[in-house]
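Pulled from TrEMBL, these are the features on record:
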| type | residues | note |
| --- | --- | --- |
| BINDING | A:H213, A:H311 | protein binding site |
| BINDING | A:D230, A:D241, A:E368 | Zn(2+) 3 binding site |
| BINDING | A:D241, A:H304, A:E337, A:E368 | Zn(2+) 4 binding site |
| DOMAIN | A:12-65 | domain 'C6H2-type' |
Amino acid sequence: MAGESDASNIATLLCARCEKPAHLQCPKCMDLKLPREAASFCTQECFKAAWSSHKSVHVKSLAVPGDENSDLISQGWLYCVKKGQARTAKLPHFDWTGPLKQYPISTKRFVPAEIEKPDWAIDGTPKIEPNSDLQHVFEIKTPEQIQRMRETCRIAREVLDAAARVIRPGVTTDEIDRVVHEATIARGGYPSPLNYYFFPKSCCTSVNEVICHGIPDARKLEDGDIVNVDVTVCYKGCHGDLNETYFVGNVDEASLQLVKCTYECLEKAIAIVKPGVRFREIGEIVNRHATMSGLSVVRSYCGHGIGDLFHCAPNIPHYARNKAVGVMKAGQTFTIEPMINAGSWRDRTWPDGWAAVTADGKRSAQFEHTLLVTETGVEVLTARLPSSPPVFPWMLK
Amino acid sequence: MADDEEPPMAVQIQSDFSFGKNLSVEESSDTVSVGVTVITGYLGAGKSTLVNYILNGKHGKKIAVILNEFGEEIGVERAMINEGEGGALVEEWVELANGCICCTVKHSLVQALEQLVQRKDRLDHILLETTGLANPAPLASILWLDDQLESEVKLDCIVTVVDAKNLRFQLNERRDSSSFPEAFNQIAFADTIIMNKVDLISQEESDELEKEIHSINSLASVIRSVRCQVDLSNILDCQAYDSTHVSRLESLLEANKSLTTTDLHDTGVRTLCISEPHPINLDKVRLWLEEILWDKKLDMDVYRCKAVLSIQNSDQMHILQAVKEIYEIVPARKWSEEESRTNKIVFIGHKLDEEALKTGLRDCRP
């Protein structure tokens, strides 16, 4: 089985010099883990002939980057590594899957003492959450909890809308993070991602091929980018979680369709939510709609229960044929947050330990809501408000 | 840079896994996953003997052994890897991400195993040795991944080593205790049970003990051994959780053998097999199973469940598997002309109510 697929895989590689089928590769590129496409050759002769120009790719990959960001680094901005637990002045080595790379991130933002903080705010380690029974038990919220969830989710929506209003070419994702951070604190909330397992910022900003968990950094948004902003607010002891993918300036048709389809995937998934429906059905709905549009569903990340805990049971995969346990019951609160890719569903993680990117470097979009199962169906706790900026063209009709 | 003046010899392109992984993003599901065998057993039963026997055996396989302190809060685990035939043992640390389990579908243990597979240029199998008191249920749930994830690791089977000399004592000591003995759990979850140290008891005692083991779990294969010298094909590449690999389940259809057991220990842990000749309705059987596995409506605790199902309006034999709450029903292959289509479900668990289960299955008829 493996032999067959290997053969078909290799057959697609062409000589970087003459485009005949390639059977050899540059050993130095192998050591450096450089892409095979530019390192494949039909014969030693072709490799030899290409050597003088080919060898420059080795040097490029070893070049100490940071030139373009040296000003920032001298001001204390650094590249995030080790899942947020360390910083470095040198761009980490990685075979970046697309045009994007890590950028330096700013220093930690301040949270006033009077803001009530979750247990990870100080030392980066959640203690209550991983040990809670609610990792296995599907909690039915009390009316009092539900009321708190409504409040928190509304604040989270207002915070996300504030972020949406500042998005345009030239704005850095760090600036979006500042807006989210300040809008959250202004409403008396704590930005849940901040220091959650050492996540260094107050929201996730995922640009283009970043699937999710992008760390806000010094990169300026460019005309034609798509950017997802994922906000979670902790207020009165509970969490509200939502995200949307925005257009920066004018985007191409393919990106527009990708974002629109992702939006529809979430809409269609929400439409089936009511008591008695299996959680595993969500993946069938999302997968069907994405596949019909020729897009793929990310499999490594899923929706989750939410409430007094940021993440708890149930686990809600967005892919088809999953074995998710349980049926929906009135009083449960959870997120649905499909991530849809233009190309392969496979993901990889950047050296910062957080940002999940598409393995093929093609774009990815996501939408998320926090939902409450009601007796008759669903209440979208993070629903758009009349004041929410009408940023999606398909909503204007 | 002088050595850059002349090109080196180009090397053959090969789909070396750890290398290709980073670079090729083809969509095909050609991932060859590495099997994971979980080894459980009481302290002193012979787990380490088994592991050493496997590591030092002349089988030409490269095997990593992970000493799992699962449940105890440490960030790293020790992995021993034999570097090929008769090669030296290499010790490695496997980092268990102190990870955000947030919205990821893979437990940090799975991620750690995947990283181990990626780091090694070739790994044929992983053995996960648990502590003596480990309950295999959480491990099995974590490792039984959705096929859709196309993970580089795959739960192969659960092997339990028991001490033939002491097992009866271990089973009996808790007979009156309300706390649940791990010895029962470990046997109930096993696909293969190695009855070790049989040289210390008589032939009759061995037969009797095997009967007792089968009274708890009649699906498991029991292997008698001295110093864990066993045929490795019983431990490696069993594919016990692979629904497409149904040969084991098809033996269920050999109707004559009774799998239902009586409870010898009054603990209520046993195997129960029920059947239904009429085709059943897929939706109904799902709802019925979910009541048992998810809602615990009948107050039964099902550890494992395996079945062959004959589904109404389908010419496909369906396979059911469950580990605690997690279950799947998938079509396996076409029924052949000669086969008599039937439903046969085996439950292993606690407080199984035979009458209720029989009635429930009968009600799944269309």
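Heads up, the Cβ atoms here are built off N, Cα and C, so glycines get one too.
The separation of A:H304 (Zn(2+) 4 binding site) from A:D241 (Zn(2+) 3 binding site), Cα to Cα, is 10 Å. With an 8 Å limit on C-beta distances, the binding-site residues from A:H213, A:D230, A:H311, A:E368 that reach chain B are A:H311. Within the domain 'C6H2-type' (A:12-65), the DSSP-based counts of helix, strand and coil residues read 26 helix, 6 strand, 22 coil.
A Cα-Cα distance of 15 Å separates A:H213 (protein binding site) from A:H304 (Zn(2+) 4 binding site). When the binding-site residues A:D230, A:E337 are compared by the number of other C-beta atoms lying within 10 angstroms of their own C-beta, A:D230 comes out lowest. Ranked by Cβ neighbours within 10 A across all protein chains shown, the binding-site residues A:D241, A:E368 are led by A:D241. Using the Cβ center of A:D230, A:D241, A:E368 for Zn(2+) 3, the list of other same-chain residues with Cβ within 8 Å runs, in sequence order, A:C204, A:V231, A:T232, A:L242, A:N243, A:T335, A:E337, A:T370. Between the candidate binding-site residues, A:H304, A:H311, the densest Cβ environment within 10 Å is the one around A:H311. A separation of roughly 6 Å, to the nearest angstrom, links the Cα atoms of A:H311 (protein binding site) and A:H304 (Zn(2+) 4 binding site). Between the CA atoms of A:E337 (Zn(2+) 4 binding site) and A:E368 (Zn(2+) 3 binding site) there is a gap of 4 Å, rounded to the nearest whole number. The two recorded residues, A:H304 (Zn(2+) 4 binding site) and A:E368 (Zn(2+) 3 binding site), show a Cα separation of 11 Å. Across the domain 'C6H2-type' (A:12-65), mean pLDDT in this model comes to 79. With a 10 A radius on its CB, A:H213 (protein binding site) counts 24 other CB atoms from all the protein chains.
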